[in-house]
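*Asks:* Copied straight from TrEMBL:
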type: TRANSMEM; residues: 43-64; note: transmembrane segment
type: TRANSMEM; residues: 96-115; note: transmembrane segment
type: TRANSMEM; residues: 136-155; note: transmembrane segment
type: TRANSMEM; residues: 194-210; note: transmembrane segment
type: TRANSMEM; residues: 240-259; note: transmembrane segment
type: TRANSMEM; residues: 279-302; note: transmembrane segment
type: TRANSMEM; residues: 309-333; note: transmembrane segment
type: TRANSMEM; residues: 381-400; note: transmembrane segment
type: TRANSMEM; residues: 412-432; note: transmembrane segment
Amino acid sequence: MKLLLMILIGALAALLANRRIAVFNDGIRPLVAENVEGRLDQKTLILSSFSMSIVLLIGFGLPFSLTVNILLIHTLLLGTDIIGLLIPRGKWGETITVIIGGAYGAAINLTMEFIHNSINYLPINMISSLEMTGTPVIYVFIAIPSIAVALQFGIGKGLLTFVASFLARQTTMWVYENYEISIEGSFNKFSPESSALLTGMIFILVFSIYQNKAKSDVKDVGLKMSELFGHRIEGIQKNILYFMILGGLIAAATNHFIMAGDPISLQLLAEDKTIEAGLVSVIKALAFLPLMVGTAITTGVYGPVGLSFIFAAGMFLPNEWIAGIFGSLLIMIELKLLRVLANFLDSFPKAREIGENIRTAMVKVIEITFLIGSATASNDMVPGLGIFLFCSIYILNEVAGRPINRMAVGPIGVLVIGLLVSLFYFFGLISLPY
């Protein structure tokens, strides 16, 4: 099932990129639109898309995918972007794209399994260390709403949101402990972290509505996005069947614990915290909604995962078949509502700013938690030497201008240290404490 889903998703995503219907990398969409309309040649498009996608694939997608045995979606779909745009368009081009895209999906699946199996032969416990890199985020992710509120509405409201989230978490924990309610593996009850996250989301919503009402006297007399780019909305909606199929496949794969849409929900899924992972996926989808809708409407190029709500569907629903059906319907609804969403963003301009601040909050949480987790994992591998090597790698990366993204430098550092320590051990330069 896993291999089949990876092949089908890889093949269809590559085909959509080849037809210039959808690409995963937000930064490439304007370039694809320019190419379709004849203002950008194929060679420039290929070079630009390759350079933009390969950096994210190697520096972001792969490191997080290696921390647990679940694939970060970037690892697959950034690759299919490159494949689809690289191969010439046309009947034969589409056939080749489907074959190579499917082969890429299979290769990613088999390669990740091979790497995880090979790591077991190293003299150090790399699997445990890689899993440890994401441990802090499992507990800290509930701070995302309070950080976003602080960025958007000020530190006072941010602290209020934090206190409310904290009280919600502790109250839920007290109820479970005193009434002996089991929360392990349950789909029917919120865990303490789920309650805290939901409380924070409610505060974001309340503050956003209040701010919008306070500034409702400001009128915008300009043309709406849906009026300016109506023809592009229609162009996207013509391909609704492709998106429904792909959305169903991705939702089913997420339900099967094959992939996740972001590093936080990926770590939560690995711990079987399905409800929390689903809530994080909803927050992530809401945060990216203004960006996704805006780029889709202005360029006429959609994303293969739609507005990303399909990941939440895959996590909340009981099995892959229901998740697949619901994922297809969800993408269909998204596409049908594109014009409505565009009008909403026009009437609520602060939504873009709020979305940006939620994204910033998520990035900050990922950066600090994976930094702490990776430092702990490095020192756990080889006490003393591990933390020295990790801090050196981190500082050198900063001095060099951050060639490796701060979010990914932690997992990459742990991988490098694990390989170095293994080499030292093989050559008799070091003895391990276990």
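Glycine is no exception: its Cβ is also placed from the backbone N, Cα and C atoms.
Burial and contacts for the listed features, if you can.
*Replies:* Remote same-chain partners of the transmembrane segment (43-64), defined as residues 6 or more beyond its termini with a Cβ less than 8 Å from a stretch Cβ, comprise 23, 25, 27-28, 31-32, 34-35, 72-76, 78-79, 81-82, 85-86, 263, 266, 404-405, 407-408, 411-412, 415.
Using a Cβ-Cβ cut-off under 8 Å and counting only residues 6 or more beyond its ends in the same chain, the transmembrane segment (136-155) has close neighbours at 161-162, 165, 169, 193, 196-197, 199-201, 203-204, 207-208, 211, 263-264, 267-268, 271, 273, 276, 280, 283, 353-354, 357-358, 360-362, 364-366, 368-370, 372-373.
Sequence-distant contacts of the transmembrane segment (194-210) (same chain, at least 6 residues past either end, Cβ-Cβ under 8 Å): 141-142, 144-146, 148-149, 152-153, 157, 160-161, 164-166, 168-169, 171-172, 275-276, 279-280, 282-283, 350-351, 354, 358.
Sequence-remote contacts of a segment are chain residues at least 6 beyond its ends whose Cβ falls under 8 Å from one of its Cβ atoms, and for the transmembrane segment (240-259) they are 1-2, 5-6, 8-9, 12-13, 15-16, 21-22, 70-73, 76, 269, 302, 304-306, 310-311, 313-315, 317, 319-321, 323-332, 335.
Sequence-distant contacts of the transmembrane segment (279-302), counting only residues of its own chain at least 6 positions beyond either end whose CB sits under 8 Å from a CB of the stretch, comprise 20-23, 26, 29-30, 32-33, 36, 141, 144-145, 194, 197-198, 201, 225-226, 229, 231-233, 235-236, 239, 243, 260-262, 264-265, 268, 308-309, 311-312, 315, 335, 338, 341-342, 345, 351-352, 355-356, 358-359, 362.
Cβ atoms under 8 Å from those of the transmembrane segment (412-432) belong to residues 59, 63, 66, 119, 122-124, 126, 129-130, 133, 374, 377-378, 381-382, 385-386, 389-390, 393-394, 404 of the same chain, restricted to positions at least 6 beyond its ends.
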